[in-house]
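Noted in TrEMBL for the protein shown:
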type	residues	note
COMPBIAS	51-67	compositional bias 'Polar residues'
DOMAIN	97-128	domain 'DUF6287'
REGION	49-87	region 'Disordered'
TRANSMEM	21-43	transmembrane segment
Amino acid sequence: MKRKRENVKHKHAHDRKKRKLWPWLPVGIPVLVALLLLGYVFMKPNKEADSQNNPAAKQSQTASQPSEEARPVEEGDEAGENANPQELDEPEQAPVAMNFDQLQAGNFASIQGIWENSQGDRLVISGNQMEISRINQELGSALVSGLSLNIPSLNNDQGEPQEIEVFGNSQPAYSRYLTPSQRKEGELALDGAVATAGFMVTFAKAGVVSNIDRQVSKASDSSRERIWVAVGQNIDSDMNDDVYYRD
């Protein structure tokens with residue numbers, strides 16, 4: 001009986017405690033929520049400040065952002081246009097000096113470009129072809145391909161040298177083939193024939209006084225590379241104005 005009374009007394013005491021706490025519950029819960037919100041608000045700026053002051057955090061943020069330098073250049077981008085290597089000015093290369101070993105083999109790599117004489121006639125040299133705008137007033141233009149000569153005004157309908165009569169004999173109007181001839185140090189000729197006259201393309205290196213210069217009234221500019229093209233009986237003395245210089 002004594003234990004039963006103690007249990008009843010303990011139960012009544014517990015019920016009194018519950019009745020004392022119950023009125024505070026409606027007020028305590030909102031207060032607790034408000035305290036949690038205030039704590040979050042005050043802690044967030046501190047975290048941001050720590051991340052700004054922390055070098056490791058800064059490095060992490062920088063790594064997560066795309067680099068301006070790594071940004072691909074889009075079409076029309078001013079920086080991309082300025083960096084285009086095709087738009088950069090390239091320095092002009094000096095012409096290659098005449099190479100007689102090549103010229104004797106019909107290789108024109110060392111004389112590429114446009115050459116012109118005082119009369120406005122031109123030699124246009126590209127690859128192993130030399131286009132002669134005018135040999136003389138009578139013959140007109142010609143083409144030298146390596147060591148082969150083509151004069152259209154003297155060709156037949158098949159594009160071959162037409163047959164002409166010379167001293168009672170029939171022969172081609174000109175020789176198709178040119179023969180290399182080293183005249184002197186620094187001077188080379190490609191010799192051919194037109195009817196009974198000679199045909200010649202002569203090359204002279206810069207700094208060389210040509211044999212032609214010794215026989216004409218007006219010497220060429222020996223400080224420059226030169227090419228002569230001529231047809232005639234006395235071929236050297238007829239070449240005053242037939243010297244070509246590279247543009």
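These residue numbers are counts, starting from 1, taken along the chain as shown.
Here the Cβ of each residue, glycine as well, is placed from N, Cα and C on the backbone.
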Quiz item: By DSSP, what is the split of the domain 'DUF6287' (97-128) into helix, strand and coil residues?
Solution: 8 helix, 9 strand, 15 coil
Quiz item: Between 0 and 100, where does the mean pLDDT of the domain 'DUF6287' (97-128) sit?
Solution: 97
